[in-house]
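A.B. asks: Features from Swiss-Prot:
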{"type": "ACT_SITE", "residues": "Ser195", "note": "active site"}
{"type": "ACT_SITE", "residues": "His221", "note": "active site"}
{"type": "ACT_SITE", "residues": "Asp317", "note": "active site"}
{"type": "DOMAIN", "residues": "8-125", "note": "domain 'Response regulatory'"}
{"type": "DOMAIN", "residues": "183-375", "note": "domain 'CheB-type methylesterase'"}
{"type": "MOD_RES", "residues": "Asp59", "note": "4-aspartylphosphate"}
Amino acid sequence: MNEKRKIQVLCIDDSALIRSILKEIINAQPDMEVVGVAPDPIIARDLIKQTNPDVLTLDVEMPKMDGLDFLEKLMRLRPTPVVMISSLTERGSEATLRALELGAVDFVAKPKLGMRDGMNEYADQIADKIRAAARARLRPRTASPAPAPAAASPAHAVHTAHAVHARPEHDAAAVPAPARTHFSSTEKLIIVGASTGGTEAIKDFLLEMPPDCPGILIVQHMPAGFTTSFAKRLDGLCRIRVKEAVHGERVLPGHAYIAPGDMHLSLGRSGANYVTELDQNPPVNRHRPAVDVLFRSAARNAGANALGVILTGMGKDGAAGMLEMRNAGAYNVAQDEASCVVYGMPKEAVAHGGVHEILPLHQIGPHVLARLSAHGRVTRV
């Protein structure tokens, strides 16, 4: 897209107030403009043909046609970057996760009270998400190729990264059985950070993990409420236990702990055990939870026992913390540009010098397991 051309945005929402607020926020930005608004998907279909927008904002729940039904048809017939506008309810969060699964790039949570003030408070975030969506790589919803062999050499893996153009979709039933791999230590940890596009990337990564894998701590940029539904969704799909982190609980093998929305997640120590720590200290890199907070705590408390993974996302959160992890002895992997929805956080982590290996998403899980095995962190039987 020509950088001098403004990002063309079409807003679809049954609330006249939301349409008005979004129009004000978007048109106030120097690099984007609203080319149309629609109260429902039926009217939006004609406007899409007329205006050919770069990005859509789409309400989840609307009359005449549900936002998810419309999104599914859109991604099949006319793939377009979409930012969902979602309510802060359990139903809204579950619908949003489904939208991200269908191909939406990101979402904005509607405030429960004070709609205009609440939306305007996040004007910069809304604009950033639209910018990220405009340059995002949409995920084709097609059958995936078989994952590359887990034991691929680093040189081969980096070479392969340049040849991958789409992130494979994995079915839980298709993940290889874990019976041949047993982890011999509970002291090793996998530390993961992600943002835009991360919900699906995290799902694909966790689907590769066997029930006896090291404990996994995860920060995905999400508001409060959404992480609860996210953890429940993953727990129903994966062979490991996935849960929202609780302050002070012991980190166990075969478990993944997701940072709650609006809470920083850190790795702590209690005697010989690793524990989760939560706090509401100020946002870092404009985020709470922040990936840098988790990564830095892993550098302090786990050192070489940690293996870091940074996945798709906009911005630079995690880059400084990943370098600290590397300097403390951790081995770190970044998702490659071709398989990222937005190549921001991995790019910054690479630029900072904190990354050992750059891999396409479908190779990261197998590579992590192979790395743990090769360094005595797992035993194969």
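Using the three backbone atoms N, Cα and C, a Cβ is placed for every residue, glycine included.
Just tell me what is around each of these and how deep it sits.
C.D. replies: In sequence order, Gln220, His221, His287, Val291, Thr312, Gly313, Met314, Gly315, Asp317, Val342, Gly344, Met345 make up the list of same-chain residues 6 or more apart from Ser195 (active site) whose Cβ falls under 8 Å from its Cβ.
Mapped onto three states, the DSSP output places His221 (active site) in coil.
Look at Asp317 (active site): DSSP puts it in coil.
Within the model, the domain 'Response regulatory' (8-125) carries an average pLDDT of 91.
In sequence order, Ile12, Asp13, Asp14, Ser15, Ile18, Gly67, Met84, Ile85 constitute the residues six or more apart from Asp59 (4-aspartylphosphate) in its chain with CB-CB distances below 8 Å.
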A.B. asks: What is the three-state DSSP composition of the domain 'Response regulatory' (8-125), stated as helix, strand and coil residue counts?
C.D. replies: 57 helix, 28 strand, 33 coil
